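A.B. asks: After the structure tokens below, expect a handful of questions from me.
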Amino acid sequence: MAATPHRHLLQPCKNPAISSSETLKPSSSFSLSSNPSIPLIRRRLPTFRCDFQNRRKWMNVDHHISKLNPIQIVPNSRRFQMSSNQENSVEFSKKVCLFYCPETKALAERIAAQSDAIQLRSISWRTFEDGFPNLFISNAQGIRGKHVAFLASFSSPGVIFEQLSVIYALPKLFVASFKLVLPFFPTGTSERMEDEGDVATAFTLARILSNIPISREGPTSLVTFDIHALQERFYFGDNILPCFESGIPLLKKKLQQLPDSDNITIAFPDDGAWKRFHKQLQHFPMIVCAKVREGDQRIVRLKEGDPTGRHVVIVDDLVQSGGTLIECQKVLAAHGAAKVSAYVTHGIFPNKSWERFKPDTAGCPEEGMTHFWITDSCPLTVKMVKNRPPFEVISLAGSIAAALQI
């Protein structure tokens, strides 16, 4: 037996508020348009009024059109345009209260400048006479039910405790959600044990962060950039959600702005850097260097690729003493590189090791670098190298502001 058509398909739609004898007036809210090139069976009314206040009642619209030419609803009201604009700005629709430590104040201000949806909140960072922290979160009741984030900088063991005290306290203030932004994960290079008795401090810090109290919406989200080893994501427990971001997209934008952007070649100082970043830089020619041991020394050699006549940019996740980058620079220059630059997401530079890098002012790539790009993930380093060639700082503010909306 054939199925009986639905009763709404057999009868015209009816609305008690509109009779069949009444003339429907054109509406300023919506208009119906059809393609004049396709003939219609019958078209009596060009426009009709949509009664949203009585949307559950059926309207009597005697309007026959071709099945091949469906009605197009064209928005022309100011109210609809406003809603469209809101959809276009959905990237920053979530309002976030951003706290920060003293080291990250400048970065926090740059993040807040990205969007009006990010509001800076203050914390009083004081100490007792014995040196232990005396902390106070201003207007604690004002963040109830709101999305809260904290911008941290674990630049030294001494500041970790006071920041952890705040990090553990914020989720307990009845906030809707809590996000920890730690641009540089400081113990990332201590992720493995080679001898019995070695302590993997990366695992220790991951366990500490994994025990941050949950907020009303669930576990804490952790945003960090270019962590040293991707397998460190498995160090974190189930009570934290790591979000691993990268500064490489910012580097690619910077390289596109160079006058010799079509002559760029990417070099990796070792296999680890190649495995970490080569997929994000596939459209560039690549060079891979390798560390080899000769006697008691470890030297850098060219493993594959040709730097002759190219502007070679060395890419790695972090730099400390800078010895590997300098050796790589010398090898590339010896093999004919026209220019040598470098990029690292995290410029740590303990003991002012940044002073080892000189600018190339005479066209001698073996003596200096054309550019040395770092991000502002390590605020103390940014203060030291500011306005000192060849260093240039690429800010993570835009990337962090976008991550706060996740």
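Cβ atoms are placed via backbone N, Cα and C, with glycine included.
Pulled the feature table from Swiss-Prot, pasting it below:
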REGION    1-32  region 'Disordered'
TRANSIT   1-87  transit peptide
COMPBIAS  18-32  compositional bias 'Low complexity'
BINDING   Asp226, His228  Mg(2+) binding site
REGION    309-324  region 'Binding of phosphoribosylpyrophosphate'
A.B. asks: Give me the DSSP three-state residue breakdown of the region 'Binding of phosphoribosylpyrophosphate' (309-324), ordered helix, strand, coil.
C.D. replies: 2 helix, 9 strand, 5 coil
A.B. asks: Sequence gap of 6 or more, C-beta under 8 Å: which same-chain residues meet both conditions with respect to Asp226 (Mg(2+) binding site)?
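C.D. replies: Correct list: Phe244, Glu245, Ser246, Gly247, Ile248, Arg276, Asp317, Leu318, Thr345, His346.
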A.B. asks: Which state, by DSSP, holds Asp226 (Mg(2+) binding site): helix, strand or coil?
C.D. replies: coil
A.B. asks: At a 10 Å cut-off from the C-beta of His228 (Mg(2+) binding site), count the other C-beta atoms across all protein chains.
C.D. replies: 22
